[in-house]
Amino acid sequence: MQNLIIIKIGGQAIQQLRPSFFQQLVSWRKAGKQLLIVHGGGPMITKLTQKLQLPVHKIHGLRVTDSETLALTKLVLLGDAQPALLTQLAQHGLPVVGLNAADNQLLTGTYLNRAQLGAVGQVTKVNVAELQRQLATHIGVLAPLALTTTGQWLNVNADMAATVLAQQLQAEKLVLLTDVPGIMQHGAVMTTLSPHQAQALTQQAVITAGMRPKVQAAIQAIQAGVQQAIITDAIDQPGTAIIQEAVI
Ligand SMILES: Nc1ncnc2c1ncn2[C@@H]1O[C@H](COP(=O)(O)OP(=O)(O)O)[C@@H](O)[C@H]1O
Ligand SMILES: CC(=O)N[C@@H](CCC(=O)OP(=O)(O)O)C(=O)O
């Protein structure tokens, strides 16, 4: 889908969307773009987990998800984060549809490392035809959950889910909208980042925590043929563009 833009919105970012975000969506739609939003909700999941005095444990930005945490994750993503986003989009006159893995087997997944991470998954199959049908008329708002072939729910990092979708739907652009203006080094935003630089900065612990899966996801998208992958805090700001390694 050459005219498809996929936007991943982090949980923090959902709560601080600016008027320019909605204006950009309106103008993309006028220009004939199809839009799919993959939403996060990590901070809200953490808040509820802590409120219930359950442990929060992350490994390289991925939430270790036992059965209680999985139940809370589904509750927050489908009962709080997604409706919060749908309401804001609808208030700006945008046609939206809320989606999740269980709608016509939209996202199928497998466990990433069950022994270490519990019910954390990766998306292995996308029901492309169903998504194309929905996106022809609506802005899709999709939760980062997948279902195994035997019907087990999996918690998927939203950046990773957005990337697989960008690959499988052959999106022209992937925007990872977060709470920082881009990848920072020495207090400044890097305008571009290559896979080689990303590896070095991760080893030097400049890129840490939730930025790790985000950067890996953006690299994977570019390497799979998505033309643009951007990490930014505002949809109309350049942020950090992930670029292919220069050929010497
Ligand atoms: N080099 C870096 N540049 C910018 N942010 C970084 C960097 N390394 C780690 N981070 C952290 O990554 C966070 C973004 O990841 P995350 O909290 O998972 O966001 P989101 O919820 O939007 O997916 C930033 O708020 C910041 O704390
Ligand atoms: C496996 C895993 O870590 N899943 C994420 C899913 C939500 C998410 O990615 O939300 P943000 O984009 O707001 O961080 C989590 O449980 O936090």
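Backbone N, Cα and C define each Cβ position, glycine as well.
What TrEMBL records for 3-233 is domain 'Aspartate/glutamate/uridylate kinase'. Taken from TrEMBL, the feature site 'Transition state stabilizer' applies to LYS8, LYS214. The annotation substrate binding site is assigned in TrEMBL to GLY41, GLY42, ARG63, ASN155.
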Using DSSP reduced to three states, classify GLY42 (substrate binding site) as helix, strand or coil. helix
Could you tell me the C-alpha distance between LYS8 (site 'Transition state stabilizer') and GLY42 (substrate binding site) in angstrom, no decimals? 13
Could you round the CA separation between GLY41 (substrate binding site) and LYS214 (site 'Transition state stabilizer') to a whole angstrom and send it over? 14
Return the residue, from the listed binding-site residues GLY41, GLY42, with the maximum count of other C-beta atoms within 10 angstroms of its C-beta. GLY41
Which entry in the list of recorded positions, LYS8, ARG63, LYS214, has its Cβ near the fewest other Cβ atoms, using 10 Å as the limit? ARG63
The mean pLDDT across the domain 'Aspartate/glutamate/uridylate kinase' (3-233) is 96
Determine which residues of this chain, when GLY41, GLY42, ARG63, ASN155 are set aside, have a Cβ within 8 Å of the centroid of the substrate site's Cβ atoms, and list them as they appear in the sequence. GLY11, GLY40, ILE45, THR46, THR65, THR73, VAL76, LEU77, PRO144, ASN157, ALA158
Can you tell me how far the Cα of ASN155 (substrate binding site) sits from the Cα of LYS214 (site 'Transition state stabilizer'), in Å? 16
What is the Cβ neighbour count of ASN155 (substrate binding site) at a 10 Å cut-off, with all protein chains included? 26
Cβ under 6 Å from an atom of ligand 1: which of these recorded positions qualify? The list is LYS8, GLY41, GLY42, ARG63, ASN155. GLY42
List the recorded positions LYS8, GLY41, GLY42, ARG63, ASN155 whose Cβ sits under 6 Å from any atom of ligand 2, in sequence order. GLY41, GLY42, ARG63, ASN155
